[in-house]
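Undergrad: Following this message is one structure expressed as structure tokens.
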Amino acid sequence: MFSLHFVDEAFNEVFAGNGGHGIVAFRREKYVAFGGPAGGNGGKGGSVIFVGDKDETTLLKLKYQKHLKAPHGINGKNKGQNGANAPHLYVKVPLGTVFYTADNKFLGEILYDQQTLVIAKGGKGGKGNKALATFKNQAPSYAEKGDLGESFKIKTELKVLADIGLLGFPSVGKSSLISAISKAQPKVASYPFTTIKPHLGVVEVDGFSFVVADLPGLIANAHLGCGMGIQFLKHIERCRVLVHILSMESANPYQDFQTLNQELSQYNPQLLLKKQIIVTNKMDLPDALQKLTLLKQQIKDQPIIPLSLVSFDNLETLKYEMSSLLQNTPLEVAPNKNNDFKLYTLPDNQNTISVIKESDSVFVVSGKQVETFFHRTDFNNEEAVKRFNRILKKIGMEEQLQKQGAKPGDQVKICDRLFYFL
């Protein structure tokens, strides 16, 4: 059952930890001549990792914890000692949680208990001068700074994990039905929108158990946000089978059925491909049989199960129909629950260099590889700057600038710094 404060959407900013800096150090021991470099590497920054937890039922914690920050890696030490890697930040979320970027690009989802998803990856530690020593430069006087950890804004949504979704207009009897077929105890009353959050119930039929969701009532134009709107509709996407509950108290049950399907289609046409069961509730009313006869003439291609939650007529028939339809409906493809599913947000081509002519004498250079070495460089260290220039020449930036018409004395902008093209 869901907690009192059910929250199914949150907006957060994630910050993975930066890598620790490598350091410059030399061995200074008595009787050890020309001791050589001894600066250790920095440790890795912590990543932001979301973990599925079957005991979590809401995104309430995420709603109020806007910034999720993993710690930075520890700087290297002398005597060749590497800095410690930072611990990861683990964030527990309910099963059925989906992650998007701020511009609604899909990042990943959590479907199983203890499944993990790496949303923001920690930065690598910078190399100390011991690791940077080469045959040509056996005692470098520079070290690398740690890489920046990934950081960006995300949107998190919870879509309930249920096999069957009960849908219908407000007050058609969804909450009464889930109470009758399971041990769920949602609030039941005679006024509209009694259900304002999903309720789950487990139903068992001849040893086969499945989860049924009582979802908030639907009204016309729900796909535009009316009533519970999209807050309701998004939960249907997880369900394998939909049960349309039509009230015989309605003046036109067939019109209600059409409106329900129209709203599903407007929100996501794929929802109409799901298996459906039509249930007519409140069959104990005086004119219910007459309305049912007309409805069967209007809906000829789908069976209709008449139901009364007063006398519980046909309740077992409905349960067996749910069970049978579910067992003949394949599961949607999902990540292997035995393996952690991790997302890394590295671009497809890290070696691409982009050179844009901003004005007659200013050129902007960007690209993952260029920016990585930029952040690793200590620009207060002359030897480190010389190394940076050698790397840029080696990866072809100088050639790219010349192709764009750069001349000696022109300015080159990389990240937040200006350099002169020589």
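Residue positions begin at 1 at the first shown residue.
Placement of Cβ uses the backbone N, Cα and C atoms for every residue, glycine included.
Sequence annotations record features per position, and here Swiss-Prot assigns GTP binding site to 168-175, 193-197, 214-217, 281-284, 308-310 based on sequence analysis. If you look up Swiss-Prot, you'll see SER175, THR195 marked as Mg(2+) binding site, on the strength of sequence analysis. The annotation domain 'Obg' is assigned in Swiss-Prot to 4-161 on the grounds of sequence analysis. Annotation comment: Swiss-Prot describes 162-327 as domain 'OBG-type G'. Residues annotated as domain 'OCT' in Swiss-Prot: 345-422.
Can you walk me through where each of these features ends up in the structure?
TA: The 10 Å shell around the Cβ of GLY168 (GTP binding site) contains 23 further Cβ atoms across the protein chains shown.
The Cβ neighbour count for SER175 (Mg(2+) binding site), using a 10 Å radius and every protein chain shown, is 22.
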Undergrad: What does the DSSP secondary structure composition of the domain 'OCT' (345-422) look like, as residue counts for helix, strand and coil?
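TA: Per-class counts: 29 helix, 19 strand, 30 coil.
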Undergrad: Let me know how many other Cβ atoms fall within 10 Å of the Cβ of PRO216 (GTP binding site).
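TA: So the Cβ neighbour count for PRO216 (GTP binding site) comes to 23.
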Undergrad: What is the separation, in Å, between the Cα atoms of LYS282 (GTP binding site) and SER175 (Mg(2+) binding site)?
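TA: So the alpha carbons of LYS282 (GTP binding site) and SER175 (Mg(2+) binding site) sit roughly 13 Å from each other.
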Undergrad: Can you tell me the CA-to-CA distance separating SER308 (GTP binding site) and SER175 (Mg(2+) binding site), as a whole number of Å?
TA: 13
Undergrad: To the nearest whole angstrom, what is the C-alpha distance linking PRO216 (GTP binding site) and SER175 (Mg(2+) binding site)?
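TA: So the alpha carbons of PRO216 (GTP binding site) and SER175 (Mg(2+) binding site) sit roughly 9 Å from each other.
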